[in-house]
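Asks: Below is a structure I'd like to ask you about.
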Amino acid sequence: MVVEKYVNEDSGGVKHSSSEVLQKWRDVVYSRVMNPKRRFRFTVNLSMRFEAAAKRRNNQEKFRNFYWTSVAAYQFSGGFYTLPEEVKAAGFQICGDRLSSIVEGHDFNWLKFHGGVDGIAEKLCTSTNNGLSTDSDLNRRQEIYGINKFTESEVRSFWVFVWKALQDVTLMNLGVCAFVSLIVGIHMEGWPKGAHDGLGIVASILLAVFVTATRGYYQSLQLKDLDKEGKKISIRVTRNGYRQKMSKYDLLPGDIIHLRIGDQVPADGLFVSGFSVLIDESSLTGESEPVTVSTENPFLLSGTKVQDGWLTMMVTTVGMRTQWGKLMAAFSEGGDDKTPLQVKLNGVATIISKIGIFFAFVTSAVLVRGLLNRKWKEGTHWSWSGDEALEMLEFFMVGITIVVVAVPEALPLAGTLSLTFAMKKMMNDEALLRHLASCETMGSVTSICSDKTGTLTTNHMTVVKSCICMNVKEVREREDAFSMRSELPDSAVKLLLQSIFNNTGGEVVVNEAGKSEILGTPTDTALLKFGLSLGGDFQAERQASKLVKVEPFNSVKKRMGVVVELPEGGFRAHCKGASEIILAACDKVINANGEIVPLDKACVNHLTDAINQFASEALRTLCLAYMELENGFSAENPIPVSGYTCIGIVGIKDPVRPGVKESVAVCRSAGITVRMVTGDHINTAKAIARECGILTDDRFAIEGPDFREKSEEEMLELIPKLQVMARSSPLDKHTLVNHLRNSLGEVVAVTCEGTSDGPALREADIGLPLGIPGTEVAKESTDFVIQVDNFSTILTLTKWGRSVYVNTQKFVQFHLTVNVVALIVNFSSACLEGTAPLTAVQLLWVNMIMDTLGALALATEPPNDDLMKRSPVGRKGNFISNVMWRNILGQSIFQLLVIWLLQTKGKAIFHLEGPDSDLILNTLIFNTFVFCQVFNEISSREMEEIDVFKGILKNYVFVGVLSCTVLFQILIIEYLGTFANTSPLTLSQWFLSVVIGFFGMPIAAALKMIPV
């Protein structure tokens, strides 16, 4: 069928679509879709996107010219600078505009004029060591320099959505007919009797408009809230001399903040200290090459990203004074790209709309032809009474109303409603959705490539074993560490502590409570705790030697190195990293006596056995080493990669999270393959994977270096059986994801936390960075941000994704059933009897049940555990399944037979006589038809299960919608008959209408027993 063919087309390429591709797609689709403005009102505003891109390009030229302009201005003014009075009165010695021009323009002359970084700090009344003092008037500082927030577009008012809803072409046509009906009716029958028909239509139109506007307004508020939630970022700040975390929105000029690799620079500022800092400014300037930031080039711009190293910076400019703030103002429009499901639903809606318009035209034509034939036979075709004019007008309104019913604009909106509902609920599960399409894609996932640390494990690391000076010891308790220290030579302990406390990205600081607190990655924290348990003093060790060069840990090199200048003179390099890699860089080792001896084969075997033993116990192994350097070493020289002396090996315990094994088992039963991709030792990876239930006996593990040596053919044969990849690089993970997606047709989700995983995250169908340890760079490449580091949350996301897909299928099944019956009933009645049993007002009410109320009831069903017992839809699954066609056709045939029986035998069944018998019969048909939809809506809760009442009382939305539908139906029949062309019914007539409608439920249950 045409509809099925359209729905089953692959709608790939939606993720990360360029503006040009989106524009081409819209140019094609807009010409074929009815009411494109309303249909696409939640999509990206491409004109604003193009405008923002033009501004971005202009920025590049601005940055090139700004420096020379500022230099010229400085030379022209002779260094003269006038301080505004309000700034002076507040106690500051530099204004916000001057700070902005210094940093944006990279203006060394003005920076030097104000005394460099320390001079700027003094003029901002702050300290580069202790930060701002909360004793000072921070509110006054905020008044002078502004807040760190960007101007955002205001939420469109409710009346804007009302105006857009009124622009619906079919509703406008119906409104014109209602107006004519009102005028003619009042002229013929006077006020108020003659106005009833017209006012009934007007009231129905206004109700439809306000319901549509309310739905759109509510969804826009939800999307706005989710957008705000996604922009919340915590920053490490020093205030009052204490390290603390605060929102980036609370930053003020003068704040001292600490950034590491992967962080986004939250405001303009100046470099205070740091090592190996590379900044990616491509988001502002378009330049792909990273910029080195140091004391020689201290300028940092908001919106850029730390590509390498770590640093301390002083905030100088915030909010809309920054170039990033000005740029963000151009991007502050809401909306998102259409999701694949919405694209498919739009296509289905368009096809059905065209069919509906055809039926509407034919129905109106047949009705008008019948009236003209009757008048021709009577010989009155040249004379028309007011009643006949109203009858003709009613025929046109019926046709237009059929178009309203037939145009299923709720199909794409049902997808949006289900998605926004799921987004809100997922926030309660600590998962933030960044792209709307990702929610439904998550339900189709067939493969998950999971990181180990923090996802499968708790990310709370502790050193539990060590092999220092060739002696293997357990150090699970503090007493074990003291005991081990007493057995080690003092020289070895000194080297070990120097390595731990200097070769780290972490710190030991004093918090506001006066207690020591360890900051850093879980691995650094574990090592620092180990060093403190050995009796080490972090601050004393750092002050005793001077850091000359730092090479932060890199997931490609899998090592970190530093060079320190010793107090007695000379330089020493320390490195740590993957145990077998660092051990291979060593040619000496410290023995049990503290002596440095050559690393012979026996020593290598002993250390390798220790590594394997630690790894087999699911411990993460790290090797620590050092080497003496010549006195002529300079910070420009690279840190050596070989010639080291091995200090020892530590085994770090990172326990598996509770519930992970059960979650992996659920994924397997749901047809999802879980693969672990980690940088750890292969024995550690295998042990953890077995404990999690990932690695099974019929599958295998491989190391990254071996994987990347495989040919394309070997990879295609190997990957389906691959469950663990150890010692993997970012390129290995990217290659694996690429082959799973493009060669094997899998829908792939990737979880990770590091900056280097960006390529794999972008390549995957779904990117899932961990919100707590995950970097801002990783989060920007992804679709969800998981605020809790828990694999079971991924399972919940999958369940919600499947729920969105299935809920939309339920609604489509219900919608198409009503559509088919309403169209055929009015069309066949018009052709056979020359009348339409369902009037315009009645059809509008049916449309309300179908579109808004039906979408609200069925699209907001919460997920259940049975969803995870089904196989995933995959990349090319059929949207309208055979099960849906079975249910649609079965219910449609039942309802058509019921209405046909009522039309032909209804008067006899209900013993109707007299002048009002036709009106009462049409009321019974309308009432029975509505209750058929009420019970069909309940049956649609499950497409295959017979028990449709399971959990129904827990879904308050569904119960509320059904209750409102029944209540309004009673009001329409009993009290609004003048407007809706209905007549009050007796209790027996009500009872039979409800019973006939109820018969649809056992028929639906019988249909579900038919295999397809």
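Placed from the backbone N, Cα and C atoms, the Cβ positions cover glycine too.
TrEMBL does not curate its annotations; it predicts them automatically.
Sequence annotations record features per position, and here TrEMBL assigns domain 'Calcium-transporting P-type ATPase N-terminal autoinhibitory' to 15-51. Under the heading domain 'Cation-transporting P-type ATPase N-terminal', TrEMBL lists 114-181. Taken from TrEMBL, the feature transmembrane segment applies to 165-186, 198-218, 351-372, 392-417, 884-903, 919-936, 956-977, 989-1007. Positions annotated as domain 'P-type ATPase A' by TrEMBL: 234-329. Marked as domain 'Cation-transporting P-type ATPase C-terminal' by TrEMBL: 836-1010.
Could you give the neighbours, burial and distances for every feature on this list?
Replies: Here the domain 'Cation-transporting P-type ATPase N-terminal' (114-181) returns a mean pLDDT of 80 for the predicted model.
Beyond the ends of the transmembrane segment (919-936), by six or more residues, the same chain brings 814, 817-818, 821-822, 825, 837-839, 842, 845-846, 849-850, 891, 894-895, 898-899, 902-903, 906-907, 910, 912, 962, 965-966, 969, 973, 977, 981-983, 985, 989-990, 992-994, 996-998, 1000-1001, 1004 to within a C-beta distance below 8 angstroms of the stretch.
Only residues 6 or more beyond the boundaries of the transmembrane segment (956-977), in the same chain, are considered here, and those with a CB under 8 A from a CB of the stretch are 200, 845, 849, 853-854, 856-858, 860-861, 923, 927, 930-931, 934, 937-938, 941, 983-985.
Distant neighbours of the transmembrane segment (989-1007): 886-887, 890-891, 894-895, 898, 909-910, 920, 924, 927-928, 930-936, 938-939, 946, 948; these residues of the same chain sit at least 6 beyond its ends, with a Cβ under 8 Å from one of its Cβ atoms.
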Asks: If we skip the immediate neighbours and take only residues 6+ beyond the ends of the transmembrane segment (884-903), which ones have a Cβ under 8 Å from one of its Cβ atoms?
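Replies: Cβ under 8 Å, 6 or more out: 809, 812-813, 816-817, 820-821, 824-825, 829, 833, 837, 909, 921, 924-925, 928-929, 932, 936, 939-940, 943, 996, 999-1000, 1003-1004, 1007-1008, 1010, 1012.
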Asks: Just to be sure I understand, if DSSP states are collapsed into helix, strand and coil, how many residues of the domain 'P-type ATPase A' (234-329) fall in each?
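Replies: Taking the domain 'P-type ATPase A' (234-329) as a whole: 17 helix, 48 strand, 31 coil.
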